[in-house]
Amino acid sequence: MHSARFYPFTHSPLQCHFNASSRDFVVKEIPLYEPSGNGEHLLIYVRKKGLSTFEMLELFSQILGIKVRDIGYAGLKDKAATTYQYISIPRSLESRLNLISPILQEHNIKILNLHAHNNKLKIGHLKGNEFFMRLKKLLPHNATKLESTLELIAQSGFPNYFGDQRFGKEGDNFQSGKAIIQNSLKIKNKKMSNFLISSYQSHLFNAWLKTRLQFSQILHSFSPNEVLNALAQDDFKALHSPHYTPSLIKTLQKQKQHFVLLSGDVMCHYPYGKNFICEDEMAESQRFMLKNTAPTGALSGLKLTHAQHLAKDIESHFLDSAIKANGTRRYAWVWAEQIKGKYIAEKAQYELQFYLPKGSYATIFLESLLGQQNL
C-alpha cells in the first residue's frame, strides 16, 4: 500500500460525501490544439461512462481489428465518471465508424465528433481538464466553510500528488512496477508494463513530495535549534544533511508558502515553460507565490534533469537508478482555475466546477479542500 498523503493546510476537515460515479463526476479533456482538418489520422471526440481509458482502447481495438498501439490518446481518464476525451485512429478506418456505433453505445461509449488530423495523438497532448463534482450531505455551516476554504486554496494552490487511480484498487501497482524493473516480474503487454513502471515512478514522487511538505511544516513550526533536532530523528532520514545550520534554517523560515524552496530545486515557469535551477530561494519564493513559477519533483528515470545543492540531498533518496524508462519533472504544486460553486440547500448538495492543468487529479484538489483523504 502506498503511503498516506500529507497536506499542509490548517483548516478543520469538512464533512460531506463524494461518490465517484457517472452522474456525480464529470471530466472534460481540453485539447492542446485544434484538428488540422486534413491528414492520415482521425481525431475522435468520445464520451464514455463506467470504463477506464485502457478498457475503451481495447474495445476499439477489437471491433476495428487494429492493435491498441495504433490508437492514440492524450491522457488516462477515470473509470467511475462520465468522461470526454480525444483518441486518434488511422483515417483509413473512418468508413467503419458508423457500423460500430451501436456496439460502442452498448458499452456506454458515444462518438461526439471527428476530424482529420496530421498526426497520431500522443500522451501529454492536452492542455488540461475541466471537472464537475457533486458533493452530498453537506450541511449549511459546512457549505459556508467550504466556500471560504475554496478562496484560500484558489490563491495558495495545492500539492500535486498522484491520486489513488494511479496505484490500482489495492494501491499496490507500484510494487509490480518495482518488480518489473528488478526483473522479478514479466508483463507481456508492453502498455501495461509501462503503466506499472510509471506507477512506481509516481510512488517515489509522492513520497518525495510528502517529505518536502513535512520539512516545510517543521520549518514553520519550530525554532532553528528545534528544527535541527527534529531533522536528526530517524523518522526523517531523507532530511539528514550536514549542510543545515541555525543560520540557514532561519533564512529558510522567512519563506511563507506551504512548500519551502531550497537551493538547487528544479523550478519551472508556470503553467508551462522551461526548467531552471533555483539559485536565490527568497527571490524565487516571491515568483512562486505570484503563480509565475513552481517547484518540480522527479519522475525517476533516464535523461532526468536532477536537482542540485540542498534539494539534491533530499531528492536522491527518491530516485531508483534501475528504472530504464525516461525520467521527467512534474510540478510539485499547482493551482485550480475557473472555480465555480453552487450550494443547493434543499438537497444538502454542492456542485463544484474547476479546471486543472494536465496530469493533476481532481480528487487531490478535493482532499486538499475537505481536509480528508481516501474520499
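Placement of Cβ uses the backbone N, Cα and C atoms for every residue, glycine included.
The feature active site, nucleophile is assigned by TrEMBL to Asp78. Listed in sequence order, Ala20, Phe25, Val27, Ser52, Gln165 are the same-chain residues six or more apart from Asp78 (active site, nucleophile) with CB atoms under 8 A from its CB. When secondary structure is read from DSSP and collapsed to three states, Asp78 (active site, nucleophile) falls in the coil class.
Under the heading domain 'TRUD', TrEMBL lists 157-321.
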